[in-house]
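Q: Mind having a look at this structure? Questions to follow.
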Amino acid sequence: MDKVDIGLLSLVATLVLLALRLPIGIALALVSFVGIAAITSVGAAWGIVSTIPYSFVATWEFSAVPMFLLMGYLAARTDMTGGLFQAMRILLARVPGSLASASVGASALFAAASGSSLATSAALSKIAVPEMLRAGYDKGLATGTIAASGTLGSLIPPSVLFIIYGIFTETSINQLFLAGILPGLLSMAGYAAAIMIWVRRDPSIAPVPAETIPLREKLVAAARSWPAVVMFAIVVGGIYGGIFTATEAAALTLLFATLVGLGRGRMRLADIVPTMRETAKTTAAIFFIAACAKTFVAFISLTGLSNQMVTAVGAAEFGPWAFLAAVVVIYLVLGMFLDPVGIMVLTLPLMIPMVESYGMDLIWFGVVIVKLLEIGLITPPVGLNVFVLAAVIEDKVQIGRIFAGITRFLAMDLVVLALLIAIPSISLIVPLTMR
């Protein structure tokens, strides 16, 4: 059998294994081993499978992943989320849908301290959803806001997805972080606009509080959010100024989060152990998938399938806009069933050669990909953010009601996605100033 045919057959086999609910890491490793053995020998397959995963994961860049994850868990455990939400609630008290808008703002700030969409959704769900429901907010608005705004953790730096994308595509993680700033702020503004439009059309879904907040109380509230602001400044300011790398920024912000938690008396040394245990579990899952995916990349390269696809696309005169449309459709469909890391490692080995053949900027393409992965986090039937939220609030709101509340935010996400594709400078203007 021809190498390319083996590659095509392996893609079909991978999809079948995923449909049978086999974990994506195991599916990729199994297909890679069998495929390499078919092309070379069993001995060569063992050699590749036993060496590539370690050499890939044991890199300087990957060490940022557990540090950013641990930072997020520490921020959640030390109730940094509560301070952020209360600060935004007071500052936006007279805005229509103030609690929902406050949740979006708090999610953006917490995203700067966690780098994870799921962590952001889980942290805000504990505080913001109960408070909105007590204030008489519509259940769909309350839960939809948190599920959608939690996705900001993927775009606003630091972002674990950007780190993984940067390692797989060998692009600058620093520039990816900077490229995510404006798209993240644009997404945040889009969510706030969706809330205001929704509330203005039906004021009953978000009662406006009668209280007037004194200026002094607003200033005090703003001061409560200083830890998250400082962490964001360390990551973005340090990277933009060329002071340190993303990995060094992760170490520094982790140290800062630990000292703040201990200094404010909201964390004991005994709390660090369970937090590190949670981090280790999440890190192990990410590293396992990434290592297996790298083995799959080596196998695909061995088959020559990527080069064959680039040649075929060029011969068919498949234009860049048609290619981008295909990417959007593929990611939106996969986002309904797979987690973001799984989608990325499954598709990038085939897509990146074609992206390069079209002369597209890999930094800009990374932002588009992460935005698509964000949308997948709130798209039924899987929608990981939705199920995380439902678990945290102990199913007080039905899943169907949450998904119904997300529809307006999904529509805004598609608008933002269209802008990011049509105007690449939104993503590139900040990193270009750094070059």
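Glycine is treated like the rest: Cβ placed from N, Cα and C.
Unlike curated records, TrEMBL annotations are generated automatically.
Pulled these from TrEMBL:
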type: TRANSMEM; residues: 6-22; note: transmembrane segment
type: DOMAIN; residues: 11-425; note: domain 'TRAP C4-dicarboxylate transport system permease DctM subunit'
type: TRANSMEM; residues: 54-76; note: transmembrane segment
type: TRANSMEM; residues: 97-120; note: transmembrane segment
type: TRANSMEM; residues: 140-164; note: transmembrane segment
type: TRANSMEM; residues: 176-199; note: transmembrane segment
type: TRANSMEM; residues: 229-262; note: transmembrane segment
type: TRANSMEM; residues: 283-306; note: transmembrane segment
type: TRANSMEM; residues: 318-338; note: transmembrane segment
type: TRANSMEM; residues: 414-434; note: transmembrane segment
Q: Check the transmembrane segment (229-262) against the transmembrane segment (54-76) for contact, please; criterion is three or more CB pairs under 8 Å, pairs 6 or more apart in sequence.
A: yes
Q: Using a Cβ cut-off of under 8 Å, list the residues of the same chain at least 6 residues beyond the transmembrane segment (97-120) that approach it.
A: 68-69, 71-73, 75-76, 80-81, 84-85, 87-89, 91, 128, 131-132, 135, 137, 141-142, 145-146, 149-160, 184-185, 188, 191-192, 195-196, 198-199, 206, 208-209, 225, 227-229, 231-232, 235, 253, 257, 340, 374, 377, 384-385, 388
Q: Is the count of Cβ pairs under 8 Å between the transmembrane segment (6-22) and the transmembrane segment (283-306), pairs 6 or more apart in sequence, 3 or more?
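A: These two stretches do touch.
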Q: Restricting to the domain 'TRAP C4-dicarboxylate transport system permease DctM subunit' (11-425), what is the model's mean pLDDT?
A: 83
Q: Quick test of the contact rule: Cβ under 8 Å, at least six residues beyond the ends. What residues does that give for the transmembrane segment (54-76)?
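A: Apart from its flanks, the transmembrane segment (54-76) reaches 110, 113-116, 119-120, 122-123, 158, 160, 163-164, 166-167, 173, 227-228, 231, 246-247, 249-251, 253-254, 257-258, 261, 267, 272, 275-276, 278-280, 282-283, 286-287, 290-291, 294.
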Q: What residues in the same chain, six or more past the boundaries of the transmembrane segment (176-199), come closer than 8 Å to it by Cβ-Cβ distance?
A: 95-97, 100-101, 104-105, 107-108, 111, 141, 145, 148-149, 151-152, 155-159, 162-163, 165-166, 205-206, 235-236, 239-240, 246, 363-364, 366-367, 370-371, 374, 408-409, 411-413, 415-416, 419-420, 426-431, 434
Q: Determine which residues of the chain contact the transmembrane segment (283-306) at the Cβ level, with the cut-off under 8 Å and only residues 6 or more beyond its ends counted.
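A: Tertiary neighbours of the transmembrane segment (283-306) are 3-4, 6-8, 10-11, 14, 24-26, 28-29, 31-33, 35-36, 39-40, 48-49, 52-54, 56-57, 62, 65-66, 69, 160, 164, 167-168, 341-342, 345-346, 349-350, 353.
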